[in-house]
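Worksheet for the structure shown next.
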Amino acid sequence: MSSYDLVVIGTGPGGYVCAIRAAQLGLKTAVVEKRATHGGTCLNVGCIPSKALLHASEAFQEAGKHFADLGVIVGEPKLDLTKMMAFKDEGVAGNTKGVEFLLKKNGVDTYHGTGRLAGAGRVEVIAEDGGNQLLETKNVVIATGSDVAKLPGVSIDERVVVSSTGALELESVPKKLVVIGAGVIGLELGSVWRRLGSEVVVVEYLDRVLPGMDGEVGKQFQRILGKQGITFKLSAKVTGVEVGKKGGATVTVEPAAGGEAEKIQADVVLVAIGRVPFTDGLGLETVGVQTDNKGRIQTDSQYATNVTGIYAIGDVIAGPMLAHKAEDEGVAVAEILAGQSGHVNYGVIPNVVYTFPEVASVGRTEEELKKEGIRYNAGKFPFTANGRAKVNHTTDGFVKILADADTDRVLGVHIVGADAGNLIAEVAVAMEFGASAEDVARTCHAHPTLTEAVKEAALAVGKRALHI
Ligand code: FAD
Ligand code: NAI
């Protein structure tokens, strides 16, 4: 029987990063993955393929709508969806192979099959052909991620009624796409298909898009997506989806508060109402690992479960379901297991929606600060007043910085705008260092860049923005 210091179950961003860091720190490490390729949801059916299609569909739209404004005449662009999907698949393969290479380079042993807890210090690997292997280990890190949340009574066939996985693989552009859920997946993948020509209707249970993000950001973002042709039905719930015999589906929608139902015809329906922790087949019960009322594995601040030697990280535990959160937890738990003091600052985890424009936020929203009774000053700067955004014709959106009224410490930053996902990084670093808005405002920012909007928003906290 092979024997290890650490066996990691699942090689998504949490698991593979944990294994690499553990190996770097001298722990004899193995990973167990049931998929044929490493990288988990993120690399195979999540972050990477969705960003590939967002990139390609944006290029298609730009070529059709905006190139002529720049004096670039290319004629009417034509869509070759098969080629676009091949471009996406190539990106996925490049990334998953990269993980395989990194695991090998760091001396991590890899096992393919379903990992199952098999009593204290043991993990059983059950291969697809039924064969099994037993691994002995001092520690186990569970990094089995999450799965699509199902809508009761609606079955996903990944052809007409799809999850994000099916929406990344459609063989033709649906004439009409109904998206259930105005969260990150709904708006990113809704944008992809809208740009490629679908009529897109988003049905959302709450009265706003992107719940959890800053309210002002949500409102402006919805307006911008509306201008792009996406239609929203807010405060509405889907009560049924009936797939037609000749294809397509009828979606029954009711006001969330109750009332008369309406029926919407769709060629494809995307169910994007969240994700749930994935622990099927793991054998948690065999060793008594505790889960909470949402099925998440319960851990303490050191990622330890209630069972000695068993830890958990990533989407399968509490916290935002984000790849970088899973990665940072992977590093932290590996360092803890190696006797160091790894930790994650949950107050500074950026959150990005990769639409056009992008939405990015870090720290607390205005709603949260109000709820917590924290006095703050807000500084806001619109991209209409930023020279680079003006010349690029990307003036939609703004930067908003929220700083403590007494100490001026930056508490939250919220951006709607081109490249917001990159812009947020500087304020995340600033917040890690406990910066004040004044610190950001007094930092020299290159001209002409979009980052000047961040500096101006910081100046605006002290009511002294220069360009507005
Ligand atoms: P996962 O990536 O889910 O990996 C878990 C792995 O464990 C899987 O490979 C699974 O096969 C394996 N596994 C499960 N059970 C077993 C078992 N018993 N034995 C062996 N292997 C097992 N996040 C971002 O930060 N940015 C984005 O842009 C982004 N885009 C996304 C787009 C989509 C469409 C989706 C669905 C998600 C997106 N996410 C994004 C979320 C991101 O994918 C997850 O937060 C991230 O993958 C979580 O990492 P993880 O390691 O916890 O789990
Ligand atoms: P989500 O939690 O972001 O959004 C789900 C939305 O569906 C919410 O607005 C919710 O109110 C709504 N909803 C729930 N039940 C509903 C119903 N019955 N009818 C209508 N609306 C309903 O979940 P989503 O978009 O599925 O994404 C899952 C996870 O994946 C997210 O937690 C996110 O963190 C991660 N992800 C991250 C990305 C990124 O970082 N760019 C991209 C894609 C996913």
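For all residues, glycine too, the Cβ spot is worked out from N, Cα and C.
Note that the coordinates shown come from a computational prediction; the quantities given were computed from them, not determined experimentally.
The secondary structure of His447 (active site, proton acceptor), as reduced to three states from DSSP, is coil rather than helix or strand. His447 (active site, proton acceptor) has a Cβ environment of 10 other Cβ atoms inside 10 Å. The active site, proton acceptor feature in TrEMBL is assigned to His447.
Taking Cβ-Cβ distances under 8 Å and a sequence separation of 6 or more, the neighbours of Lys51 (FAD binding site) in its chain are Tyr354. Look at Lys51 (FAD binding site): DSSP puts it in a helix. According to TrEMBL, the FAD binding site annotation covers Lys51, Gly115, Thr144, Gly145, Ser146, Asp315, Met321, Leu322, Ala323, His324.
Secondary structure at Gly181 (NAD(+) binding site), taken from DSSP and collapsed to helix, strand or coil, is coil. Counting every protein chain shown, 24 other Cβ atoms lie within 10 Å of the Cβ of Gly181 (NAD(+) binding site). The NAD(+) binding site feature in TrEMBL is assigned to Gly181, Ala182, Gly183, Val184, Ile185, Gly186, Leu187, Glu188, Glu204, Gly274.
Around the Cβ of Cys42 (disulfide bond), the same chain contributes Gly12, Pro13, Ile48, Ala323, Ala326, each under 8 angstroms and 6 or more positions distant in sequence. Feature annotation from TrEMBL assigns disulfide bond to Cys42-Cys47.
Under the heading domain 'FAD/NAD(P)-binding', TrEMBL lists 4-330. Taken as a whole, the domain 'FAD/NAD(P)-binding' (4-330) shows an average pLDDT of 97 in this prediction.
The domain 'Pyridine nucleotide-disulphide oxidoreductase dimerisation' feature in TrEMBL is assigned to 349-458. Remark: secondary structure over the domain 'Pyridine nucleotide-disulphide oxidoreductase dimerisation' (349-458) totals 42 helix, 33 strand, 35 coil, with classes taken from DSSP.
Comparing Ile185 (NAD(+) binding site) with Cys47 (disulfide bond), their Cα atoms are 10 Å apart once rounded. In the structure shown, the C-beta of Leu187 has more C-beta neighbours within 10 angstroms than that of any other entry among the recorded positions Cys47, Leu187, Met321, Ala323.
Cα distances from Leu187 (NAD(+) binding site) to the recorded positions Ser146, Met321, His447 are smallest for Met321.
Other residues of the chain with a Cβ within 8 Å of the Cβ centroid of Gly181, Ala182, Gly183, Val184, Ile185, Gly186, Leu187, Glu188, Glu204, Gly274, the NAD(+) site, are Val179, Gly190, Val202, Val209, Leu210, Ala272, Ile273. Long-range C-beta contacts of Thr144 (FAD binding site), restricted to its own chain and to partners at least six residues apart, with a cutoff below 8 Å, comprise Ile9, Gly10, Pro277, Phe278, Thr279, Leu282, Val316.
Taken in sequence order, the binding-site residues Lys51, Thr144, Gly183, Leu187 that lie near ligand 2, meaning a CB under 6 Å from one of its atoms, are Gly183. Highlighted here would be the recorded positions (Gly181, Gly183, Leu187, Glu204, His447) whose C-beta falls below 6 Å from ligand 1, but none qualifies. The most crowded of the binding-site residues listed here (Ser146, Gly183, Ile185, Glu204) is Glu204, judged by how many other CB atoms sit within 10 Å of its own CB.
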